[in-house]
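Here the structure is laid out as structure tokens; the discussion comes afterwards.
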């Protein structure tokens with residue numbers, strides 16, 4: 001609204017700049033000849049000065065004086081011929097009208113075609129200071145980054161940011177974040193497995209020695225960690241030890257809970273090892289490689305839509321298999337990241353309800369949500 | 001704010017359309033009211049463009065990544081100064097700066113042009129309006145800086161690291177003030193052609209504008225040269241790069257224009273030639289804009305590569321150059337020629353100057369465009385570099401420089417070469433002595449070096465001789481001499497300073513090229529190296545972190561006569577956003593000379609490749625440019641004190657009207 005007021009004022013000002021001179025009276029304008037005469041007089045006096053300084057010889061000065069004199073004379077005869085009275089003509093009136101109309105028409109017409117009047121300015125500082133609930137994923141991440149740049153020893157912050165980086169496919173940042181979280185908040189199977197995943201994805205899905213070390217560290221803390229087991233088997237497959245990989249995956253299938261999200265990933269991996277060439281490195285519980293690639297080529301709106309579809313899918317899965325701790329936490333985080341604070345709160349409520357308000361999981365959920373800035377509704 | 005800027009830009013375009021048509025029609029029909037529209041519209045157009053530019057600069061300063069141009073050329077971690085200068089560190093923003101300066105000059109004509117004949121003023125503003133309209137349209141159609149992104153990205157792609165330097169704050173604005181300043185001379189020429197007559201006040205107006213434009217262009221080129229010298233880390237100050245040539249050609253033509261405008265102003269001679277030169281100078285400015293902005297060149301400066309833009313600018317180029325030259329061909333015969341003069345006279349000397357300068361411009365033009373033409377026709381890529389210009393441009397400049405001191409000493413209309421030569425005897429003796437001393441006593445001096453030093457001393461001494469002669473040194477008593485000296489017109493000092501500056505620049509170039517030394521070696525921490533009597537000890541490489549880069553800073557201790565004499569540091573910087581490495585050269589100024597070092601690749605064992613240069617007198621190259629600028633400023637100051645100069649003209653003009661019943 002303010003913009004349109006400003007635009008109208010500017011247009012008015014510009015139109016007045018055209019209109020006022022047209023409406024104003026004609027001042028006593030001097031003929032061109034008067035200006036010339038002034039210059040010639042000045043040239044004469046300058047000639048005297050030059051002569052006094054010896055810049056021109058007296059003989060030549062006389063010649064020059066005569067030249068200037070002749071020009072003044074010529075000016076007199078021309079001047080009379082060129083004096084003409086201003087005559088208002090139809091063309092002039094037409095031109096004046098067209099000019100006054102052109103300013104608003106051209107400017108509003110062109111701006112209508114080119115401008116984005118509804119889009120406010122978005123200086124970065126302002127974007128980072130507004131209510132988190134209205135922020136986009138990128139803005140939230142940037143804000144977290146700014147917070148961590150100021151408090152680099154906030155282990156919890158790194159811990160929260162790391163999986164988000166993974167999801168946003170900023171793998172090198174995820175590696176740094178996981179390393180910092182491990183350094184500051186200590187080892188945990190989830191963190192080590194996440195680190196391994198980040199390293200592997202940063203290398204295009206190849207389970208390198210570094211990644212392998214991280215996964216092994218995760219298994220030392222929690223031998224049943226599905227992610228670490230899955231990726232280690234993947235590493236075997238990548239080394240060409242297909243049989244060992246298949247065996248490891250088979251073993252996983254035996255140990256996994258029937259409703260585990262890893263189940264389908266493992267089955268798919270098994271199927272792919274069976275029919276070469278096997279696709280290397282596939283993040284199991286994330287979008288598949290094709291989807292990731294597609295996402296990179298998408299417009300920001302489309303990408304947002306895709307993320308939202310994925311989150312909705314997760315929500316549906318949890319409605320069917322509600323006893324999935326990690327799933328709930330991922331869902332809450334996703335909603336926070338998407339800027340949907342209400343739905344995050346709702347998810348937290350449902351998660352607590354599934355496990356019972358007094359359960360250990362419920363406390364964990366509440367703490368986790370609080371770290372993301374979400375509090376349960378009473 | 002961003003959209004307000006966008007709207008202001010569109011509105012400024014609409015006003016430029018009015019400005020190019022209404023005063024023109026008014027001047028043809030003799031309608032005062034229509035002619036009067038030009039002034040207020042030009043001023044308002046400038047105000048709107050300034051608002052638009054401010055809006056863009058604010059978006060840059062505040063990292064508003066919802067603006068596409070900001071997103072592409074800025075980063076939130078950049079220091080504020082580079083965020084702001086980044087406004088014109090890209091194609092879109094720099095074109096906006098271009099029209100900002102164009103409308104600024106147009107507004108100046110509107111405000112201070114009350115003493116101009118009404119029709120001339122109307123026509124000048126109309127031509128300015130045409131140039132403005134063409135460039136506004138170009139910006140809106142192909143290079144709109146206000147295109148928005150929704151949703152806005154959270155981080156930008158960073159400014160080209162080479163441009164993250166104070167040079168960007170100074171070089172482009174100065175250069176554009178120069179380029180665009182010549183547009184006023186162009187508009188005056190075309191206006192005179194449209195009217196079919198050249199008013200006597202024409203030259204009075206064109207000369208100060210030429211001076212202003214020339215002054216800024218000189219500064220812009222000198223600053224650009226120094227920037228390239230320290231930022232690119234090659235230790236060179238001029239590369240005959242097409243982009244450099246693009247700014248050098250208008251400078252050469254502008255220098256010619258400056259001199260022919262003197263003749264026209266003082267003697268009303270050379271009118272038609274001056275007119276043509278004004279057209280050519282601005283055409284070369286446009287050509288320079290085209291070469292840089294269309295991306296037909298691939299060089300350091302070419303950060304625009306979009307064929308649509310190239311074709312658009314080519315159309316503007318054809319329209320303005322072709323149009324004005326056609327107009328010239330049709331109308332030039334109607335213009336009356338002015339005063340007479342003998343071949344040997346001040347006028348004659350200035351004609352000779354013009355002859356040399358325009359020929360030199362032509363050689364640079366050929367050297368710049370030939371490779372492009374060849375590539376377009378045969379597809380073969382050749383590069384025309386220093387050897388070509390040394391063989392063509394050099395021989396043209398030498399005689400010109402040799403006769404420079406004669407010019408100011410010759411009288412108007414009919415001069416006396418013999419008398420001038422006698423007065424220059426002392427300067428000549430000095431130059432000869434300098435030549436002999438250089439040739440005989442400095443090791444390794446070549447004939448070229450001796451000649452060059454002699455020529456430079458000749459220029460400097462010749463410029464001072466002029467001042468001495470005019471204040472009467474040796475012929476009158478010292479008190480009279482002092483009084484005369486103080487009473488000399490400022491323009492005499494201007495001439496002296498400009499010619500002196502030329503001599504200093506030449507001395508710097510010759511000194512650096514002839515006596516400079518260079519070393520490339522691998523150094524480990526603790527090792528020392530000696531170059532032309534200066535000892536440097538490599539202290540080691542130290543990693544450091546800047547706001548948006550990391551760097552390995554190499555520290556070197558300068559040791560003079562066994563004592564530590566300060567540190568020189570040079571760094572290899574890495575800018576992660578653009579994945580670019582730049583070299584920050586280390587420079588230590590010792591007197592007029594500089595010790596210049598830049599880092600190469602580092603080895604695994606802490607060793608690093610170091611390039612060292614000793615550049616004697618190198619600062620004179622740019623110092624001379626500053627002196628030339630000071631000369632131009634001095635000449636400008638002179639104009640204001642005279643009758644007939646813009647600011648003081650109003651009253652006398654009015655008096656003249658009432659006093660002369662013509």
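Note that Cβ sites are derived from N, Cα and C of the backbone, with glycine treated the same way.
The annotation domain 'Cytochrome c assembly protein' is assigned in TrEMBL to B:88-294.
As a whole-number mean, the pLDDT of the domain 'Cytochrome c-type biogenesis protein CcmF C-terminal' (B:314-639) in this prediction is 86. Under the heading domain 'Cytochrome c-type biogenesis protein CcmF C-terminal', TrEMBL lists B:314-639.
Among the features that TrEMBL reports, transmembrane segment is placed at B:6-25 (among others). Remote same-chain residues near the transmembrane segment (B:6-25) are listed as 31, 34-35, 37-38, 41-42, 44-45, 48-49, 51-52, 55, 96, 99, 103, 106, 122-123, 125-130, 132-133, 136-137, 139-140, 144, 146, 194 (criterion: CB distance under 8 Å, separation of at least six residues from the stretch ends).
The transmembrane segment annotation in TrEMBL covers B:95-113 (among others).
Feature annotation from TrEMBL assigns transmembrane segment to B:174-194 (among others). Proximity of distant same-chain residues to the transmembrane segment (B:174-194), defined by a Cβ-Cβ separation under 8 Å and at least 6 residues beyond the stretch ends, is recorded for 24, 27, 94, 97-98, 101-102, 105, 109, 120, 123-128, 131, 202, 205-206, 209-210, 212-221, 223-224, 247, 250-251, 254, 257, 275-276, 278-279, 281-283, 285, 288-289, 320, 324, 327-328, 330-332, 335.
The transmembrane segment annotation in TrEMBL covers B:206-228 (among others).
According to TrEMBL, the transmembrane segment annotation covers B:248-265 (among others).
Annotation comment: TrEMBL describes B:272-291 (among others) as transmembrane segment.
Sequence annotations record features per position, and here TrEMBL assigns transmembrane segment to B:311-330 (among others).
Taken from TrEMBL, the feature transmembrane segment covers B:351-373 (among others).
Look at TrEMBL and you will find B:393-412 (among others) tagged as transmembrane segment.
Through the fold, the transmembrane segment (B:424-442) approaches residues 405-406, 409, 449-451, 453-458, 461-462, 464-465, 515 of its own chain, all at least 6 residues removed from its boundaries and within a Cβ separation under 8 Å. The transmembrane segment annotation in TrEMBL covers B:424-442 (among others).
Residues or ranges marked as transmembrane segment by TrEMBL: B:448-469 (among others). Beyond the transmembrane segment (B:448-469), the same-chain residues lying 6 or more positions past its ends with a Cβ under 8 Å from any Cβ of the stretch are 398, 401-402, 404-406, 408-409, 423-424, 426-428, 430-432, 434-436, 438-439, 442, 485, 488, 492-493, 495-497, 499-500, 502-504, 506-507, 509-511, 513-515.
Residues or ranges marked as transmembrane segment by TrEMBL: B:490-515 (among others).
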Exercise for the section: Would you mind listing the long-range same-chain contacts of the transmembrane segment (B:351-373), meaning Cβ under 8 Å and 6+ residues beyond its ends? Expected result: 240, 242, 245-246, 248-249, 252-253, 255-256, 259-260, 263, 270, 273, 277, 280, 284, 291, 296-297, 381-384, 388-389, 392-393, 396-397, 399-400, 403-404, 407
Handout entry: Distal contacts, the transmembrane segment (B:206-228) - CB-CB under 8 A, six or more residues away
Key = 105, 165, 167, 170-172, 174-182, 184-185, 188-189, 236-239, 244, 247-248, 250-251, 254-255, 257-258, 261-262, 264-265, 274, 278, 300, 621-622, 625-626, 628-629, 632-633, 635-636, 639, 645-646
Practice task
Take the transmembrane segment (B:248-265) and find every residue of the same chain, 6 or more past its ends, with a Cβ under 8 Å from one of its Cβ atoms.
Solution key: 178-179, 182, 185, 202-204, 206-207, 210-211, 213-214, 217-218, 221, 271, 273-274, 277-278, 280-282, 284-285, 287-288, 338, 346-347, 350-351, 353-354, 357-358, 360-361, 364-365, 368
